[in-house]
């Protein structure tokens, strides 16, 4: 299987389709926005939440599209595998630039704050280096990695900066129609006029 996707049809996610575009069309930037400790039966591990912001920079896109943000959770172990594979691809293809160095794995002290921050900066440096490469953005391994990313959704408060309240205590159907005439009211019954057949003939 090829290390690079030959065309956009191979992309299976919205983020992947954006990354496949030229970086002069879509600029992508990664930052670790939160770090948490996830406990399990075998112990615990650190989860890094990565926010990937994609911004249309080409004039023909900026007028029709707004920036999009994707979130994904990853572990240092997963990032180490991605770093190893893509740095090898970078070397094989003789691409320009120096691929960022990744910190070595630690059996003891991996939860130390200094170690966590070092790994955080390494994750950001690795992803942003890849996002800045027209070739590596088409890497199959990168696209498989970002498949789990979910697009960030916004609440009305986040969009407007104000709290939004909805009054569900009454329905528009319950409101009186002041513009309607009495004849339109369901409670108003007009007396029936006798038809010609109902009028008794006079003697």
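Cβ atoms here come from the backbone N, Cα and C positions, even for glycine.
Bear in mind that TrEMBL entries carry predicted annotations, made automatically and left uncurated.
Copied over from TrEMBL:
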- 26-152: domain 'PX' (DOMAIN)
- 170-203: region 'Disordered' (REGION)
- 176-187: compositional bias 'Low complexity' (COMPBIAS)
PLDDT averaged over every residue in the domain 'PX' (26-152): 94
Counting by DSSP, what is the helix, strand and coil composition of the domain 'PX' (26-152)? 50 helix, 39 strand, 38 coil
